[in-house]
Amino acid sequence: MKGIETAGKIIGATLGISYLLFFEGNEMFQWICFATILISIGIPHGAIDHLLLNPVVGRKNLIRFIFKYLLIIAVYLAIWLIFPILALAAFLIMSAYHFGQSHFLKTPLNKFSSLTYISLGSFILSTILWGDFNYTQSILANIIDVRGLPQYGIFVIAFFWGLSATLIGVNFGEKGLILVLEISLLGLLLYQLPLLLGFIIYFGFWHSLPSMTEEFDALKDYLENQKLKNFIKKLLPFTSMSLIGIALILLFFHQMMEFDQLTLLFFILVSLISAPHIWYMNLFLEARKNQY
Ligand SMILES: CC1=C(/C=C/C(C)=C/C=C/C(C)=C/C=O)C(C)(C)CCC1
C-alpha cells in the first residue's frame, strides 16, 4: 500500500511541475486534472464511511448511519445559510484538522496530536489559498471581504510551517526530518500553482489516496477474492450519489450564478459532505491508531 501512496505523490508532483514548466495558464490542463482526480479519488475516498467502524453493517445500522449523516448535513447547511462566515471558519478549521491527520496514518503521534493536525493542515491550506490569493478572494467575496489579507500570507505560512516542524520534531526527533522536507517542498509547489490545481493535487494525492489505502487495509479481510474489485464496488454507490447530486445542484444554479459563485457553491457542497465524513473518519483513525 505504501507503494501506491508513493506512486500517487510522484504523479501529483509530476502534474504540478509539468503545469509550471509546460502548461502555465492552460485552463484545459487544470480542468482535466481537477475533474479526473475529483471523480476517481477525491469523492470516492469518503464513500465508505458507513463501513469503517462496522465493515458488515446491517440494514438497520445503515439506515441509522444515513439518518445521522443527513442530520449533520442539514444542521451544517442551516449554519451556512444563517451564519456563512462561521460556517466558512468551521470548514477551514475542520479541513485543516482532517488534512493534517492524513499525514500521520502510518506514524501515529503521541504528543499534541490535534494541534499538530491543525497546524500542518493550516500550513497546507494557507499555501494553497495564499498562493493564488486573487482567485481565493474573488470566490470568497460572496461571503466575506478578504482584500486586506494578502500581505499576511507569508507570516501565516511561516508560522504554521514553524509550528508544524516543531511539533513533528517533538514527536519524532530526527526521524521527522523527511516529513518536514516533504511538506516544505509540497508547500513550495502548492504556493506556485493556481488555486484549483494546487487544491486538487494535494486533495487527491496527499489526502484522499493515503486515506483510501488505509480504508482498504481496514476492509480487506471482509472483501473475499478479487479484493480490489470488491472494494471499488463498495465505493460506487455513495460516490455516484454524491457526484450526481453535486452535478445536478450546480447545473440547476449555473444560469443564475457567476462562475466564482458556482465555485463557492461547489465548495459549500463539498463542505456539507465533508462534515460527517471528517467526524466518522476521525473515529475510525483514532480507533486504528491504537493498533499501531
Ligand atoms: C480551495 C478553496 C477553499 C477551501 C476548500 C477546502 C477547505 C476544502 C476541503 C475539503 C475537504 C476537507 C474534503 C474532505 O475530505 C475555499 C476557502 C472554500 C474557497 C476557495 C477555494
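Glycine is treated like the rest: Cβ placed from N, Cα and C.
Among residues of the same chain six or more beyond the transmembrane segment (7-23), those with a C-beta under 8 A of the stretch's C-beta atoms are 29-30, 33, 41, 189-190, 192-194, 197-198, 201-202, 204-206, 209-210. According to TrEMBL, the feature transmembrane segment maps to 7-23 (among others).
Here TrEMBL flags 29-48 (among others) as transmembrane segment.
According to TrEMBL, the transmembrane segment annotation covers 69-94 (among others).
Among the features that TrEMBL reports, transmembrane segment is placed at 114-131 (among others).
Sequence annotations record features per position, and here TrEMBL assigns transmembrane segment to 152-172 (among others). Within its own chain, the transmembrane segment (152-172) has Cβ neighbours under 8 Å at 100, 107, 109-112, 115-116, 119-120, 122-123, 126-127, 130, 133, 179-180, 183-184, 187, 191, counting only residues six or more beyond its boundaries.
The transmembrane segment annotation in TrEMBL covers 178-205 (among others). A Cβ distance under 8 Å defines the sequence-distant neighbours of the transmembrane segment (178-205), meaning residues of its chain 6+ beyond its ends; these are 8-9, 11-13, 15-17, 19-20, 29-30, 33-34, 37-38, 41-42, 99, 103, 107, 120, 123-124, 127-132, 135-136, 139, 157, 161, 164-165, 168-169, 172, 263.
Packing against the transmembrane segment (235-256) from elsewhere in the chain are residues 39, 43-44, 46-50, 262, 265-266, 269-270, 273: each is 6 or more residues past its ends and has a CB under 8 Å from a CB in it. According to TrEMBL, the transmembrane segment annotation covers 235-256 (among others).
Residues or ranges marked as transmembrane segment in TrEMBL: 262-285 (among others).
Taking every recorded stretch in 69-94, 114-131, 262-285 and counting its Cβ pairs under 8 Å to the transmembrane segment (29-48), the highest total belongs to 262-285. Residues 92-93, 95-101, 103-104, 150, 153-154, 156-157, 160-161, 163-164, 167-168, 171, 183, 186-188, 190-193, 195, 198-199, 202, 206 of the same chain lie 6+ residues outside the transmembrane segment (114-131) yet bring a C-beta within less than 8 angstroms of a C-beta in it.
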